[in-house]
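A.B. asks: Dumping the structure here so I can ask a few things about it.
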Amino acid sequence: MIKLSNITKVFQQGARTIQALNNVSLHVPAGQIYGVIGASGAGKSTLIRCVNLLERPTEGSVMVGGQELTTLSESGLTKARRQIGMIFQHFNLLSSRTVFGNVALPLELDNTPKEEIKRRVTELLDLVGLGDKHDSYPANLSGGQKQRVAIARALASNPKVLLCDEATSALDPATTRSILELLKDINRRLGLTILLITHEMDVVKRICDCVAVISNGELIEQDTVSEVFSHPKTPLAQKFIQSTLHLDIPEDYQARLKASPETDSVPMLRMEFTGQSVDAPLLSETARRFNVNNNIISAQMDYAGGVKFGIMLTEMHGTQEETQAAIAWLQDHHVKVEVLGYV
(Lines of atoms letter the chains of each structure in order from A and count residues from 1; the text may use other names and numbers.)
(Lines give C-alpha, C1' and ligand atoms only; values in the text may rest on other atoms or scores of the structure.)
Protein backbone atom coordinates (compact mmCIF):
# COMPACT_ATOMS: atom_id res chain seq x y z
CA MET A 1 0.00 0.00 0.00
CA ILE A 2 2.84 2.40 0.90
CA LYS A 3 6.25 1.94 -0.66
CA LEU A 4 9.04 4.43 -0.11
CA SER A 5 12.19 3.74 -2.11
CA ASN A 6 15.56 5.41 -1.51
CA ILE A 7 14.03 8.57 -0.04
CA THR A 8 16.49 11.39 0.63
CA LYS A 9 15.40 14.81 1.88
CA VAL A 10 17.76 17.77 2.08
CA PHE A 11 16.83 21.17 3.54
CA GLN A 12 18.76 24.30 2.70
CA GLN A 13 19.05 26.95 5.42
CA GLY A 14 21.07 29.75 3.90
CA ALA A 15 24.52 28.34 3.26
CA ARG A 16 23.82 25.38 5.56
CA THR A 17 22.67 22.01 4.19
CA ILE A 18 20.66 19.70 6.47
CA GLN A 19 20.07 16.09 5.43
CA ALA A 20 16.86 15.06 7.19
CA LEU A 21 16.51 11.67 5.46
CA ASN A 22 19.20 9.52 3.88
CA ASN A 23 18.29 6.73 1.44
CA VAL A 24 15.23 5.53 3.39
CA SER A 25 13.21 2.60 2.04
CA LEU A 26 10.02 1.39 3.72
CA HIS A 27 7.18 -0.92 2.69
CA VAL A 28 3.82 -0.92 4.50
CA PRO A 29 1.49 -3.70 3.26
CA ALA A 30 -2.23 -2.98 2.92
CA GLY A 31 -4.18 -3.32 6.16
CA GLN A 32 -1.17 -3.14 8.48
CA ILE A 33 -0.47 -0.79 11.36
CA TYR A 34 3.16 0.20 10.93
CA GLY A 35 5.09 2.27 13.48
CA VAL A 36 8.21 4.36 12.98
CA ILE A 37 9.93 5.20 16.26
CA GLY A 38 12.77 7.59 16.90
CA ALA A 39 14.00 10.36 19.16
CA SER A 40 13.31 14.04 18.52
CA GLY A 41 15.14 15.24 15.43
CA ALA A 42 15.62 11.72 14.03
CA GLY A 43 13.67 12.55 10.86
CA LYS A 44 10.41 10.72 11.54
CA SER A 45 8.09 13.72 10.95
CA THR A 46 9.88 14.50 7.69
CA LEU A 47 9.47 10.86 6.68
CA ILE A 48 5.72 10.71 7.26
CA ARG A 49 5.21 14.06 5.51
CA CYS A 50 6.97 12.64 2.44
CA VAL A 51 4.22 10.00 2.12
CA ASN A 52 1.60 12.57 1.06
CA LEU A 53 4.22 14.98 -0.33
CA LEU A 54 3.67 17.68 2.27
CA GLU A 55 7.45 17.43 2.05
CA ARG A 56 8.64 16.57 -1.45
CA PRO A 57 11.65 14.23 -1.36
CA THR A 58 14.91 15.49 -2.83
CA GLU A 59 15.42 12.00 -4.24
CA GLY A 60 13.46 8.77 -4.27
CA SER A 61 10.10 7.26 -5.09
CA VAL A 62 6.78 7.47 -3.18
CA MET A 63 4.18 4.85 -4.13
CA VAL A 64 0.77 4.84 -2.43
CA GLY A 65 -1.88 2.40 -3.61
CA GLY A 66 0.22 1.54 -6.65
CA GLN A 67 0.47 5.18 -7.75
CA GLU A 68 3.76 7.10 -8.01
CA LEU A 69 3.01 10.43 -6.31
CA THR A 70 6.18 12.33 -7.18
CA THR A 71 5.32 12.41 -10.90
CA LEU A 72 1.71 13.61 -10.53
CA SER A 73 0.45 17.03 -11.56
CA GLU A 74 -0.98 19.33 -8.88
CA SER A 75 -4.54 18.28 -9.71
CA GLY A 76 -3.51 14.62 -9.78
CA LEU A 77 -1.77 14.96 -6.41
CA THR A 78 -4.83 16.65 -4.90
CA LYS A 79 -6.96 13.72 -6.04
CA ALA A 80 -4.44 11.18 -4.71
CA ARG A 81 -4.32 12.91 -1.32
CA ARG A 82 -8.03 12.22 -0.84
CA GLN A 83 -7.00 8.61 -0.31
CA ILE A 84 -4.52 9.62 2.42
CA GLY A 85 -5.92 10.92 5.72
CA MET A 86 -3.66 12.50 8.32
CA ILE A 87 -3.85 13.43 12.00
CA PHE A 88 -1.36 15.40 14.05
CA GLN A 89 -0.20 15.95 17.62
CA HIS A 90 -2.21 19.17 17.67
CA PHE A 91 -5.76 18.72 16.54
CA ASN A 92 -6.08 21.75 14.21
CA LEU A 93 -9.84 22.03 14.63
CA LEU A 94 -11.70 25.17 13.56
CA SER A 95 -12.95 26.79 16.77
CA SER A 96 -15.82 28.55 14.98
CA ARG A 97 -17.26 25.28 13.69
CA THR A 98 -19.14 22.60 15.57
CA VAL A 99 -17.92 19.02 15.73
CA PHE A 100 -20.24 18.25 12.81
CA GLY A 101 -18.90 21.23 10.85
CA ASN A 102 -15.27 20.25 11.39
CA VAL A 103 -15.83 16.71 10.14
CA ALA A 104 -17.96 17.95 7.24
CA LEU A 105 -15.35 20.44 5.98
CA PRO A 106 -13.39 18.16 3.59
CA LEU A 107 -16.67 16.88 2.16
CA GLU A 108 -17.91 20.43 1.61
CA LEU A 109 -14.66 21.34 -0.15
CA ASP A 110 -15.21 18.31 -2.40
CA ASN A 111 -18.75 19.55 -3.26
CA THR A 112 -20.40 16.51 -1.72
CA PRO A 113 -24.25 16.75 -1.64
CA LYS A 114 -25.66 17.89 1.71
CA GLU A 115 -27.61 14.70 2.37
CA GLU A 116 -24.51 12.63 1.74
CA ILE A 117 -22.49 14.90 4.07
CA LYS A 118 -25.06 14.46 6.83
CA ARG A 119 -25.09 10.68 6.43
CA ARG A 120 -21.31 10.38 6.27
CA VAL A 121 -20.56 12.70 9.20
CA THR A 122 -23.17 11.01 11.41
CA GLU A 123 -21.65 7.63 10.54
CA LEU A 124 -18.13 8.82 11.35
CA LEU A 125 -19.06 10.45 14.65
CA ASP A 126 -20.72 7.20 15.72
CA LEU A 127 -17.58 5.33 14.67
CA VAL A 128 -15.30 7.47 16.86
CA GLY A 129 -17.70 7.48 19.82
CA LEU A 130 -18.93 11.08 19.52
CA GLY A 131 -22.46 10.45 18.31
CA ASP A 132 -23.82 12.81 20.97
CA LYS A 133 -21.41 15.69 20.22
CA HIS A 134 -22.69 16.88 16.80
CA ASP A 135 -23.43 20.41 17.97
CA SER A 136 -20.58 20.87 20.47
CA TYR A 137 -17.72 23.26 19.81
CA PRO A 138 -14.02 22.33 20.19
CA ALA A 139 -13.66 24.58 23.25
CA ASN A 140 -16.07 22.30 25.11
CA LEU A 141 -14.23 19.07 24.31
CA SER A 142 -11.44 17.23 26.11
CA GLY A 143 -8.13 16.54 24.38
CA GLY A 144 -9.13 12.98 23.61
CA GLN A 145 -12.47 14.08 22.16
CA LYS A 146 -10.71 16.66 19.97
CA GLN A 147 -8.42 13.96 18.59
CA ARG A 148 -11.45 11.78 17.89
CA VAL A 149 -12.94 14.64 15.87
CA ALA A 150 -9.65 14.96 13.99
CA ILE A 151 -9.70 11.21 13.24
CA ALA A 152 -13.29 11.42 11.97
CA ARG A 153 -12.36 14.38 9.76
CA ALA A 154 -9.34 12.49 8.39
CA LEU A 155 -11.64 9.59 7.47
CA ALA A 156 -14.29 11.78 5.82
CA SER A 157 -13.14 11.17 2.24
CA ASN A 158 -12.96 7.40 2.87
CA PRO A 159 -9.16 7.14 2.54
CA LYS A 160 -7.24 3.89 2.21
CA VAL A 161 -4.32 5.19 4.31
CA LEU A 162 -4.17 7.09 7.62
CA LEU A 163 -0.96 8.88 8.64
CA CYS A 164 -0.54 9.62 12.36
CA ASP A 165 2.10 12.22 13.25
CA GLU A 166 2.69 11.86 17.03
CA ALA A 167 -1.10 11.68 17.39
CA THR A 168 -1.09 10.81 21.11
CA SER A 169 1.89 12.88 22.32
CA ALA A 170 -0.29 15.65 23.78
CA LEU A 171 -2.64 13.27 25.61
CA ASP A 172 -2.58 11.76 29.10
CA PRO A 173 -1.90 8.00 29.41
CA ALA A 174 -5.53 6.91 29.81
CA THR A 175 -6.67 9.01 26.85
CA THR A 176 -3.71 7.76 24.81
CA ARG A 177 -4.84 4.17 25.41
CA SER A 178 -8.39 4.97 24.31
CA ILE A 179 -7.20 6.67 21.10
CA LEU A 180 -4.90 3.76 20.29
CA GLU A 181 -7.76 1.31 20.83
CA LEU A 182 -9.89 3.44 18.50
CA LEU A 183 -7.20 3.35 15.79
CA LYS A 184 -6.90 -0.41 16.19
CA ASP A 185 -10.68 -0.78 15.92
CA ILE A 186 -10.80 1.40 12.79
CA ASN A 187 -7.99 -0.64 11.24
CA ARG A 188 -9.94 -3.83 11.94
CA ARG A 189 -13.33 -2.57 10.76
CA LEU A 190 -12.28 -0.64 7.67
CA GLY A 191 -9.11 -2.49 6.65
CA LEU A 192 -7.35 0.86 6.86
CA THR A 193 -3.57 0.97 6.42
CA ILE A 194 -2.05 3.05 9.24
CA LEU A 195 1.46 4.51 9.33
CA LEU A 196 2.28 6.20 12.63
CA ILE A 197 5.34 7.89 14.02
CA THR A 198 6.12 8.16 17.70
CA HIS A 199 8.90 8.46 20.25
CA GLU A 200 7.13 6.06 22.64
CA MET A 201 7.63 2.30 22.40
CA ASP A 202 4.41 1.84 24.41
CA VAL A 203 2.47 3.12 21.38
CA VAL A 204 4.21 0.62 19.09
CA LYS A 205 3.73 -2.18 21.60
CA ARG A 206 -0.01 -1.60 21.91
CA ILE A 207 -1.17 -1.54 18.30
CA CYS A 208 1.56 -1.99 15.66
CA ASP A 209 2.18 -5.05 13.51
CA CYS A 210 5.62 -3.89 12.35
CA VAL A 211 8.08 -1.24 13.49
CA ALA A 212 11.04 0.64 12.03
CA VAL A 213 13.63 2.45 14.15
CA ILE A 214 14.92 5.74 12.71
CA SER A 215 18.08 7.55 13.80
CA ASN A 216 19.82 10.52 12.17
CA GLY A 217 17.62 10.25 9.10
CA GLU A 218 18.26 6.54 8.49
CA LEU A 219 16.20 3.43 9.21
CA ILE A 220 18.55 1.31 11.28
CA GLU A 221 16.19 -1.56 12.07
CA GLN A 222 12.80 -2.76 10.84
CA ASP A 223 10.84 -5.96 11.40
CA THR A 224 7.69 -7.29 13.02
CA VAL A 225 7.05 -5.95 16.52
CA SER A 226 7.41 -9.44 17.99
CA GLU A 227 10.80 -9.95 16.32
CA VAL A 228 12.18 -6.54 17.36
CA PHE A 229 11.05 -7.05 20.96
CA SER A 230 12.39 -10.62 21.03
CA HIS A 231 15.68 -9.99 19.24
CA PRO A 232 16.54 -6.28 19.00
CA LYS A 233 19.55 -5.81 16.75
CA THR A 234 20.58 -2.25 17.60
CA PRO A 235 21.35 -0.49 20.90
CA LEU A 236 18.67 2.13 20.12
CA ALA A 237 15.98 -0.52 19.72
CA GLN A 238 17.11 -2.08 23.01
CA LYS A 239 16.88 1.33 24.68
CA PHE A 240 13.32 1.90 23.45
CA ILE A 241 12.28 -1.57 24.61
CA GLN A 242 13.78 -0.99 28.05
CA SER A 243 11.74 2.22 28.31
CA THR A 244 8.53 0.17 28.22
CA LEU A 245 9.59 -1.98 31.17
CA HIS A 246 11.24 -0.11 33.98
CA LEU A 247 11.79 -1.31 37.52
CA ASP A 248 13.17 1.02 40.17
CA ILE A 249 15.49 -0.39 42.80
CA PRO A 250 13.68 -0.11 46.18
CA GLU A 251 15.10 2.58 48.47
CA ASP A 252 16.26 0.15 51.14
CA TYR A 253 18.25 -1.76 48.52
CA GLN A 254 19.68 1.45 47.04
CA ALA A 255 20.98 2.40 50.48
CA ARG A 256 22.83 -0.93 50.78
CA LEU A 257 23.96 -1.31 47.18
CA LYS A 258 27.75 -1.44 46.69
CA ALA A 259 29.74 -1.34 43.46
CA SER A 260 32.09 -4.14 44.55
CA PRO A 261 31.43 -7.41 46.42
CA GLU A 262 32.09 -7.56 50.16
CA THR A 263 32.07 -10.37 52.68
CA ASP A 264 28.65 -12.09 52.70
CA SER A 265 27.28 -9.75 49.98
CA VAL A 266 25.35 -11.13 46.99
CA PRO A 267 24.87 -9.71 43.47
CA MET A 268 21.72 -7.81 42.58
CA LEU A 269 20.73 -8.69 39.01
CA ARG A 270 18.52 -7.09 36.41
CA MET A 271 17.23 -9.77 34.03
CA GLU A 272 15.40 -9.25 30.75
CA PHE A 273 13.38 -12.14 29.33
CA THR A 274 12.07 -12.22 25.75
CA GLY A 275 10.65 -14.89 23.48
CA GLN A 276 11.07 -18.45 24.71
CA SER A 277 13.03 -17.45 27.82
CA VAL A 278 9.87 -15.89 29.33
CA ASP A 279 8.02 -19.19 29.71
CA ALA A 280 10.99 -21.42 30.54
CA PRO A 281 11.57 -22.18 34.27
CA LEU A 282 15.11 -20.85 34.06
CA LEU A 283 15.52 -19.58 37.63
CA SER A 284 14.47 -22.87 39.18
CA GLU A 285 16.82 -24.61 36.73
CA THR A 286 19.75 -22.47 37.94
CA ALA A 287 18.91 -23.48 41.51
CA ARG A 288 19.12 -27.15 40.57
CA ARG A 289 22.18 -26.89 38.34
CA PHE A 290 24.33 -24.40 40.26
CA ASN A 291 23.06 -24.51 43.85
CA VAL A 292 22.04 -20.83 43.83
CA ASN A 293 18.93 -19.28 45.38
CA ASN A 294 17.15 -16.38 43.69
CA ASN A 295 15.26 -13.87 45.80
CA ILE A 296 12.91 -11.99 43.46
CA ILE A 297 12.71 -8.33 44.49
CA SER A 298 10.31 -7.16 41.77
CA ALA A 299 9.17 -8.22 38.31
CA GLN A 300 7.02 -7.05 35.43
CA MET A 301 5.68 -8.75 32.31
CA ASP A 302 3.99 -7.44 29.17
CA TYR A 303 3.06 -8.39 25.61
CA ALA A 304 4.09 -6.95 22.23
CA GLY A 305 3.13 -8.33 18.86
CA GLY A 306 1.77 -11.45 20.54
CA VAL A 307 5.09 -12.12 22.30
CA LYS A 308 5.63 -11.98 26.07
CA PHE A 309 8.60 -10.17 27.50
CA GLY A 310 9.56 -9.31 31.04
CA ILE A 311 12.04 -7.82 33.45
CA MET A 312 13.08 -8.88 36.94
CA LEU A 313 15.24 -7.66 39.82
CA THR A 314 16.72 -10.45 41.93
CA GLU A 315 19.34 -11.24 44.55
CA MET A 316 21.31 -14.34 43.63
CA HIS A 317 22.64 -16.21 46.67
CA GLY A 318 25.58 -18.60 46.26
CA THR A 319 29.36 -18.66 46.07
CA GLN A 320 31.10 -16.42 43.55
CA GLU A 321 31.82 -19.40 41.30
CA GLU A 322 28.23 -20.63 41.51
CA THR A 323 26.67 -17.25 40.74
CA GLN A 324 29.05 -16.58 37.84
CA ALA A 325 28.27 -19.98 36.34
CA ALA A 326 24.52 -19.42 36.78
CA ILE A 327 24.68 -15.98 35.14
CA ALA A 328 26.65 -17.37 32.18
CA TRP A 329 24.10 -20.17 31.79
CA LEU A 330 21.19 -17.69 31.81
CA GLN A 331 22.91 -15.59 29.16
CA ASP A 332 23.41 -18.71 27.03
CA HIS A 333 19.63 -19.20 27.27
CA HIS A 334 18.83 -15.73 25.88
CA VAL A 335 18.37 -13.89 29.17
CA LYS A 336 20.03 -10.49 29.30
CA VAL A 337 21.66 -10.21 32.73
CA GLU A 338 23.13 -7.05 34.24
CA VAL A 339 24.87 -6.98 37.63
CA LEU A 340 23.63 -3.76 39.25
CA GLY A 341 25.85 -4.09 42.32
CA TYR A 342 26.09 -6.06 45.54
CA VAL A 343 23.90 -6.06 48.66
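The backbone N, Cα and C atoms fix where each Cβ goes, glycine too.
Sharing the feature lines straight out of Swiss-Prot:
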BINDING   Gly38, Ala39, Ser40, Gly41, Ala42, Gly43, Lys44, Ser45  ATP binding site
DOMAIN    2-241  domain 'ABC transporter'
A.B. asks: Other than Gly38, Ala39, Ser40, Gly41, Ala42, Gly43, Lys44, Ser45, which residues of the same chain sit close to ATP? List them in sequence order, counting a residue when its Cβ is within 8 Å of the Cβ centroid of the site.
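C.D. replies: My list of surrounding residues reads His199, Ile214, Ser215.
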A.B. asks: Average pLDDT across the domain 'ABC transporter' (2-241)?
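C.D. replies: Mean pLDDT for the domain 'ABC transporter' (2-241): 93.
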A.B. asks: Quick one, of the binding-site residues Gly38, Gly41, Gly43, which Cβ has the fewest other Cβ within 10 Å?
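C.D. replies: Sparsest of the binding-site residues Gly38, Gly41, Gly43 by Cβ contacts within 10 Å: Gly41.
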A.B. asks: What does DSSP say about Gly43 (ATP binding site): helix, strand or coil?
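C.D. replies: Going by the DSSP assignment, Gly43 (ATP binding site) belongs to neither helix nor strand, so it counts as coil.
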A.B. asks: Please work out which residue of Ala39, Ala42 has the most C-beta neighbours within 10 angstroms of its C-beta, and give that one of the binding-site residues.
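C.D. replies: Checking each of Ala39, Ala42, the winner is Ala42.
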A.B. asks: Cβ atoms within 10 Å, counted per site: which of Ser40, Ser45 has the most, among these binding-site residues?
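C.D. replies: When each Cβ's neighbours within 10 Å are tallied, Ser45 tops the list.
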A.B. asks: Excluding near sequence neighbours, so keeping only residues 6 or more apart in the same chain, what lies with its CB under 8 A of Lys44 (ATP binding site)?
C.D. replies: Val36, Ile37, Gly38, Ile197, Thr198, His199, Ile214
